[in-house]
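*Asks:* Here's a structure for you.
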Amino acid sequence: MGVISFYLIGQLLYLIRKKYTTTYRQQQQHQYNMDSKHSTSSSSSGSLATRISNSGPISIAAYCLSSILMTVTNKYVLSGFSFNLNFFLLAVQSIVCIVTIGSLKSLNIITYRQFNKDEAKKWSPIAFLLVAMIYTSSKALQYLSIPVYTIFKNLTIILIAYGEVIWFGGKVTTMALSSFLLMVLSSVIAYYGDNAAVKSHDDAFALYLGYFWMLTNCFASAAFVLIMRKRIKLTNFKDFDTMYYNNLLSIPILLICSFIFEDWSSANVSLNFPADNRVTTITAMILSGASSVGISYCSAWCVRVTSSTTYSMVGALNKLPIALSGLIFFEAAVNFWSVSSIFVGFGAGLVYAVAKQKQQKEQSQQLPTTK
């Protein structure tokens with residue numbers, strides 16, 4: 001009996017071990033199959049994400065849409081009934097920008113350097129110029145239509161080009177000069193188109209006030225770009241480093257200016273954010289801030305997957321849909337002069353882009369000389 005009992009116990013242990021081994025192998029096979037499916041799915045989704053990330057047309061479309069979104073949302077807020085908290089609007093946009101790029105950095109999508117006091121001191125003059133540029137831009141957009149604003153913005157290119165000649169030894173080619181003449185012509189045509197739509201003395205006053213802010217913005221923008229170019233050489237900032245410091249340092253300046261120069265009485269706040277469209281206005285303010293990040297990100301994306309040449313052409317072509325968006329979403333003047341100015345300005349941008357490409361090509365073909 002002892003032998004039989006020992007034999008039966010041995011058989012039982014053998015069966016248990018066999019059952020456990022079979023079950024374990026089945027579980028391992030099931031896990032392997034699941035991993036294979038997951039790997040295939042991940043590979044497929046990863047492949048799709050890679051295709052999108054490396055798609056030139058998608059990057060170009062994203063850049064154009066982000067540009068239009070920012071312009072339209074800014075115009076929506078600024079054209080609201082008696083909106084006068086421009087500094088506050090710009091502060092909100094800068095805060096949203098900092099939060100957005102901080103979130104993107106935490107997700108390892110973008111990277112930028114940590115805050116440094118010495119670099120902040122070197123960069124602080126740029127922050128003041130940025131505030132001057134974006135404030136005058138907001139005032140110009142408040143009084144001018146999007147097409148006219150977009151056309152007159154081209155004049156900044158002329159100031160920057162001749163600023164580069166003076167400060168950096170740049171050169172203005174014959175083709176570039178031709179594009180400048182077209183830019184001036186488009187601005188003159190836009191002026192006639194705007195004047196044709198004037199119906200009252202108040203409209204004329206608002207129009208000329210818009211031109212004043214636009215002219216101021218052109219000089220402020222040119223000064224910002226030229227001086228920032230010098231500072232970038234000192235600090236060796238990349239795109240998102242520049243965005244980080246620009247927005248971070250401008251926030252306190254904008255908030256202080258808002259609290260000092262703007263009316264924060266309950267009546268004025270209610271006037272700027274009426275109950276009927278308060279949520280829509282705040283949403284537009286947040287979207288305009290986020291879209292500024294989108295423009296910078298899509299700019300870098302477009303250059304990476306296409307070329308700087310393609311990007312410069314896209315920048316020129318992009319002025320047409322931005323100008324047309326003003327005709328579609330807002331009551332901009334639509335007449336022969338206004339429509340003609342859009343296409344002349346569009347042509348000027350194309351000629352300038354081609355001129356810059358030819359100039360860069362000639363410079364790259366020049367062999368370095370040594371004494």
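Just so you know, the numbers here start at 1 and follow the chain as drawn.
Each Cβ is built from the backbone N, Cα and C atoms, and glycine gets one as well.
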*Asks:* Which candidate in N154, N268 appears in Swiss-Prot with the annotation N-linked glycosylation site?
*Replies:* N268
*Asks:* Taking K75 first and then E362, would you say Swiss-Prot puts both of them on the same side of the membrane?
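*Replies:* Checking Swiss-Prot: the two residues are separated by the membrane.
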*Asks:* Between 146-162, 242-262, 333-355, who has the most Cβ pairs under 8 Å to the transmembrane segment (207-227)?
*Replies:* 146-162
*Asks:* Who are the long-range neighbours of the transmembrane segment (242-262) in its own chain, taking Cβ under 8 Å and residues 6 or more past its ends?
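*Replies:* Residues packing against the transmembrane segment (242-262) from afar: 84-88, 90-91, 94-95, 97-98, 101, 112-113, 115, 119-120, 123-124, 126-128, 130-131, 134-135, 228, 232, 293, 296.
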*Asks:* Would you confirm whether the transmembrane segment (81-101) and the transmembrane segment (146-162) meet the contact rule of 3 or more C-beta pairs below 8 angstroms, pairs 6 or more apart in sequence?
*Replies:* no
*Asks:* Quickly jot the same-chain residues contacting the transmembrane segment (172-192) by Cβ under 8 Å, restricted to those at least six beyond its ends, or write none.
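*Replies:* Result: 147-148, 151-152, 154-155, 157-158, 161-162, 165, 211, 337-338, 340-342, 344-345, 347-349, 351-352, 354-356, 358-359.
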*Asks:* Excluding the flanking five residues on each side, which residues at least 6 beyond the ends of the topological domain 'Cytoplasmic' (102-121) place their CB within less than 8 Å of a CB in that stretch?
*Replies:* 235, 237-238, 240-241, 243-245, 248-249, 293, 297
*Asks:* Mind checking which residues of the chain, 6+ beyond the ends of the topological domain 'Cytoplasmic' (163-171), have their Cβ under 8 Å from one of its Cβ atoms?
*Replies:* 222, 225-226, 229-230, 359
